[in-house]
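Enquirer: So that we are looking at the same thing, I have put the structure below in structure tokens.
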Amino acid sequence: MVQGLKLGLKASAEQFGPRDLVELGVMAEEHGLDSVTVSDHFQPWRHNGGHAPFSIAWMTAVGERTQRLQLGTSVMTPTFRYNPAVVAQAFATMGCLYPGRVMLGVGTGEALNEIATGFKGEWPEFKERFARLRESVQLMRDLWTGDRVDFEGEYYSTKGASIYDVPEGGIPVYIAAGGPVVARYAGRAGEGFICTSGKGMDLYTEKLIPAVKEGAEKAARNFADIDRMIEIKISYDTDPAAALENTRFWAPLSLTAEQKHSIDDPIEMEAAADALPIEQVAKRWIVSSDPDEAVEMIKPYLDAGLNHLVFHAPGHDQKRFLDLFERDLAPRLRALA
């Protein structure tokens, strides 16, 4: 039994242009999904065939075309190329337009997106990036009260700042974490927690979920009230060869964490990724042509305590994936709830 099970789709902004990406969000609702999230990259991980439409513009377009989907970023970095006060204003506006449907997923950032837009000096170490993230979240929440805010932090400041159009209760903030330090912060301070699949189950069962629980307990919060989201990388197709080949576009995901966080040029990123063999690329994915096998490979994430499954399909024919998902996988997954 999985309490609060939700199924969503990752709209791959690195793979599809603005119009196709909007239609993908609309199709997600038509296929019965509960949420759709989008990445927020200034540059894609691929130079050839890559895309990078603006997440906030996409969210408003999808919001106008849908009625019930939860919409959000997975994830945005509100700390370098953005001023967090402006991010707070943008999401407050969307929260007024689409009440109860908008969330802000945030992370510590990647050089690929920030250096191209003018960041000077050495790319900061994790300690500074994490400190910036915590400070930006605090500032945004202060602004979502609707009060005048004089904020003087180490990295950001406001003077008599007010956001005049704010939904009641502000905007839910989901914290993305790849390790226990940020996961504890998510448990302490996030309405939601975000992680990604394919890294070995011990990471989730021994590190991430226990850290979220620890953070929640220290803040006297109920762990069950935190939406535990995981992006599940799945290449499902009734044709096994297609299921394997579809992963190739997303070879950059199989680069090391250091490469992904430090390479600042899509051309360099693409060259490094394309040097990887398809077998290594596919290791990060659930690759299957059998629905029962696919669900059996997804179920450990539910057993680990994650309740909000957002599926990232790598193929270019996203309608085919959604059709197959609605027919073969969604009923089996919802039967677990």
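The chain as shown is numbered from 1 upward.
Every residue, even glycine, has its Cβ placed from backbone N, Cα and C.
Residues annotated as coenzyme F420-(gamma-Glu)n binding site in Swiss-Prot: D40, T77, T108, G109, N113, G178, G179, V181, V182. The annotation active site, proton donor is assigned in Swiss-Prot to H41. Feature annotation from Swiss-Prot assigns active site, proton acceptor to E110; the stated evidence is sequence analysis. The substrate binding site annotation in Swiss-Prot covers T196, K199, K260, R284 and is backed by sequence analysis.
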Enquirer: Please name the residue among the recorded positions D40, E110 whose C-beta has the most neighbouring C-beta atoms within 10 angstroms.
Expert: D40
Enquirer: Determine, to the nearest whole angstrom, how far the Cα atom of H41 (active site, proton donor) is from the Cα atom of V182 (coenzyme F420-(gamma-Glu)n binding site).
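Expert: Their Cα atoms are separated by 21 Å.
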Enquirer: Hey, which of the binding-site residues T108, N113 is the loneliest by Cβ count within 10 Å?
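Expert: Least crowded of the binding-site residues T108, N113, by Cβ count within 10 Å, is N113.
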Enquirer: Starting from the Cβ centroid of T196, K199, K260, R284, which together make up the recorded substrate site, report each further residue of the same chain whose Cβ lies within 8 Å of that point, ordered by sequence.
Expert: G178, S197, G198, K233, L253, S254, A257
Enquirer: Measuring CB to CB from K260 (substrate binding site), give everything in the same chain under 8 Å that is also at least six residues away in sequence.
Expert: E110, L112, P252, L253
Enquirer: Using the alpha carbons only, what distance in Å do you get between T196 (substrate binding site) and D40 (coenzyme F420-(gamma-Glu)n binding site) once rounded?
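Expert: Approximately 16 Å lies between the Cα of T196 (substrate binding site) and that of D40 (coenzyme F420-(gamma-Glu)n binding site).
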Enquirer: Using all protein chains in view, find how many other C-beta atoms are within 10 Å of the C-beta of G179 (coenzyme F420-(gamma-Glu)n binding site).
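Expert: That number is 14.
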Enquirer: Would you measure the largest Cα separation among D40, T77, T108, G109, N113, G178, G179, V181, V182 for the coenzyme F420-(gamma-Glu)n site and round it to whole Å?
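Expert: Farthest-apart Cα atoms in D40, T77, T108, G109, N113, G178, G179, V181, V182 are separated by 23 Å.
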Enquirer: Of the binding-site residues listed here (D40, T108, N113, G179, V182), which is spatially closest to K199 (substrate binding site) when Cα positions are compared?
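Expert: Of the binding-site residues D40, T108, N113, G179, V182, G179 has its Cα closest to that of K199 (substrate binding site).
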